Structure formats: structure tokens, C-alpha cells
């Protein structure tokens, strides 16, 4: 169907693989034949806890003295002696461990819950991996009431793929889930954890080509153990109905018809983007380009590695390491960069970032540094520096001659920047300043050769890497961001020496945040003139107005913008 991205197959059934074993007491519902009655629809009654029977967990009332029924597949430490406080039994020291529930699905469901509540973000790199396992399992135990085994490398990859994909496709998945419920009320009143489990199942079936038995049985088991048998029955019925619709190519998706507003609503569901983004992109770029852009945002992100030349490494050294790790790579338009699409976990686990050999940085950001054009002896201030990718790249180009001030309002992120500077042996060239640029500009008398303002923006150019960002942006945010960008530009301009350079950049593809901000700035500040960036970046990135611009669909990298302005000598 038009607009539906092709599924990605990550799972290949092995000849020796057995069907997952369901919890014994609950296997009947999962094995039930696909009768019309069993699949016709799901009501609120399915959510109710089934009556307890032999072998099935019952819900104990608070204060009950009855012995707790055992959960199949759950193990725990030996029973505590009477002299030990019962309060200790619930601590992380003595966790319940479930050996049958799919561990990566359990972790993914909990992480999705935390993202929904704004207490976590989608980490596509998952740099800490199992180093943060204690915290991860702590969240799982507190949310589900049990822990799973620690994640293997393959599990970590699956959690990352499932979480990012489920968040990206949330609008599409929710539309289908609601369509397969007997009433809209069932969807609207669905408990959060149950909704996350269904989203995972739908994503696996529709976008990952997970074998049907695995997607259904494993998510049913998770719902039954983490919630109750009735929740598992509901997951079973909805997922099996989805499988029927998929097999007959009859998914209940909206038709792209009617006026512009109606078409935008349909496209926003099919491509899983906010309606306002779809309407804006169609107006600015046309329908075909808008569709290409949404397809890019929904695809697996591509990463770039920048070699750390300040430590004496070359791109050839980095390529040799990637080859030894069997990580496929491509050369970049920039000498210090290498492109990779898969194998990031191997790079992280090999310690290439930790050892300071390279950094993860998109080429679009590297081209912004090319617009800055740091030269030995320059004094530079990076006005919104954290997390520091551009700061470190600029410092590496100074050949140990020159100074960079890294200013940011966020103290914690500045600390991360300085830790990275030490990792790259650049901390002697970078000084951090914890301040609001607007206040700092009023209080300081310092002037710099080059001032970089990588301004806060909508991030519309990096939606493929930041899966949750599309849902955290409203159209009204653009107006607020434009006001902030103007304020920061005005403040940054006061730090430029006569004859010095001001560079304004964003990771947005919206002209209101880019070209229009520069146009209005020059009108307010006639002492600045626009300098064409020809010669600083390859010609394919030049705009008619002399700015730098990268577009995901054209250049296969993040969207970004930069303008170079020169201050007059008077």
C-alpha cells in the first residue's frame, strides 16, 4: 500500500528453533483456533481478570493472609528466615527473576512507558549498554514486579530497534489498534502497560516481519505475567486479528482523498507524523518531497564517525579498525568522517569512542564547522556548546594554537563536554563557561575572532535519529523558537570583534528558523553582511543566497543550515 514503508526482516527462523512455551495455565487461550467468535472484536470484558482456577494466579486483597500463588517461570532466592525483616524481601538485593518472559520485550515495554511519561528518551546509540543494566532492571522490577535476565548484545540491539520503531510509528500503530478494538472507549481507557505491549506486537508484525508465533505468543505471555490472564487474552485476540488482516492485505488504513486538510490527516496516520508537520511540508516542499522526507524520518538512521586527528589518528586508522570489527563503512564528503549504517554496537563495545579514537557526529554538523573555518591562533566562542561535538571538532582543527570558550546554560551538559574534551586530549584548549548567553553578553567585555551560535531549534532535520522528537513538537513552538533565536543572535553579535565572523546554524530544515532569521537579523544589524560560504563547503550544499544547507532526502544526512556573517571594521 502507498505510504507504508517496507518491513525489515531482523529474524530468521532457525530449523532447530522450537515454538516458545507458554505459561502452562494460560496456553489454552493462545492455542485456541481462529474462530470467528474468538477474533470478531475485543470488549472491555477481555480486560477483566479471569476467575482463579488451578494453577492460575489470583489477585490477593490487600492485607490477605493467604499464601501468594506461585508464578510459573519465576524463580527467587530461598525463603527468608523468621528473624529477617520482611521489608528486605522487596529490595533489589533479592529480586524475582522470570526466566520465561521475553527479556528484550519486557525491557522495551518498560522503557516505552518511561518515554511516554517523559522520564526517558529514545537512545539510538545505547552507549552505556549493560553498564546501566542495574538501573534498567530496577525499572523493570518496579514496574512489572519481576526482573529478567541481563540483556545480551543481541537483546540490546532488539530493544533499541523496537523502542525507536514503536515510537516513530506510534500514530500509525495506535490508529490500527483502535480500529481492531470493538469500541473506541476500549482503546481510550486501555491501561498504559497493555497499550505498550500491543504497540510492540503490532510493530513486530507490521514492520519487523517477526514470525507470527513469536510476536503473538511472547507478547501474550508478557501481558499475562506482567498484568493478568485477561490482558493476555485481549492481546492474543487483537494480534491474531491483525495477522488475518495483514495476510489478506486489508489493514483498515485511511484513504488519501478529500481536501488538503483531509489528505494531510490521512498521510499523518499512514506515515506517522503530526498533522501540522505534514501540512507544512506539503506547503513548503510539495507532496512528493514531503512523502520522501517522512520516509527518511521513519527509516533506520545512518551514523557517521569522526576520527580524532588531535590524537594523531587518521581516517585510514579508523577504517582499519572498522574492517577488523567487520563493520561495513563508506567514505564521506569530509576527510575526517566515515559513514556507517549498521554495526554501531560493535563500535561502542570495542571502545573506539571511550578510547578517544573517534566520536559519533553527523557530517552535517561537521560541515557547520567547515563554515566556521577554525584557523590556528583563532579565539572562538561556541555560544550554545553542549553536548560539544562542534566544540571538539573546532578545537581539533586549531593545531594546538588558539582557544575555544564553550558556553552553555546547562551545567550538567557542560560537564559532559569537558569530560569528552579530556577523552580527546583537547581539554587544555577549551574553557567552559556556565551562563545564559543573553546575560553573559551584557556583562563581558570579551571579543572573539569567531562566534558560533548553534541555536536551539525545532530539530526538524534530525527526526530520523530523534524518534520521539516529532511528538514533542507543536506548531506553536516555532514562534517561540524564532523569538529565542533572534534574542540569541542579537547577544552573540556583541561578542564579535570588528572584522570578525558570526556563524549562525541550526539542525532544522524550516526556512523560518534559517534564512528568515538571517534576513531579519541583517535588517536589525547593518554592521553585519552575509558572506557566501562558497569555498568552505562543497557546492552541492550551497543555496542561491550563499548559505550552507543539507537536506536528508538529497544528501543522505541530517538536515542542517549555516550562515556566515562578517562584522564591519567600524
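Glycine residues also receive a Cβ, built from the backbone N, Cα and C atoms like all the rest.
What you are looking at is a predicted structure, and each value in this text was computed from that prediction instead of being measured.
For 507, the entry in TrEMBL reads active site, nucleophile. The C-beta environment of residue 507 (active site, nucleophile), restricted to residues of the same chain at least 6 apart in sequence and closer than 8 Å, consists of 364, 365, 457, 459, 461, 462, 558, 559, 560.
Contacts of residue 390 (S-adenosyl-L-methionine binding site) defined by a Cβ separation under 8 A and a same-chain sequence distance of 6+ are given as 365, 368, 369, 372, 382, 452, 454, in order along the sequence. Residues annotated as S-adenosyl-L-methionine binding site in TrEMBL: 384, 385, 386, 387, 388, 389, 390, 408, 436, 454.
What TrEMBL records for 293-568 is domain 'SAM-dependent MTase RsmB/NOP-type'. Mean model confidence for the domain 'SAM-dependent MTase RsmB/NOP-type' (293-568) is a pLDDT of 96.
The region 'Disordered' annotation in TrEMBL covers 33-91.
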Using Cβ-Cβ distances, find the residues under 8 Å from residue 388 (S-adenosyl-L-methionine binding site) that belong to the same chain and are at least 6 apart in sequence, listing them in sequence order.
406, 416, 417, 420, 421
Binding-site residues: 384, 386 - member with fewest neighbouring CB atoms within 10 Å:
384
For S-adenosyl-L-methionine, whose listed binding residues are 384, 385, 386, 387, 388, 389, 390, 408, 436, 454, the greatest C-alpha pairwise distance in Å
20
Residue 436 (S-adenosyl-L-methionine binding site) has its Cβ surrounded, within 10 angstroms, by a count of other Cβ atoms equal to 13
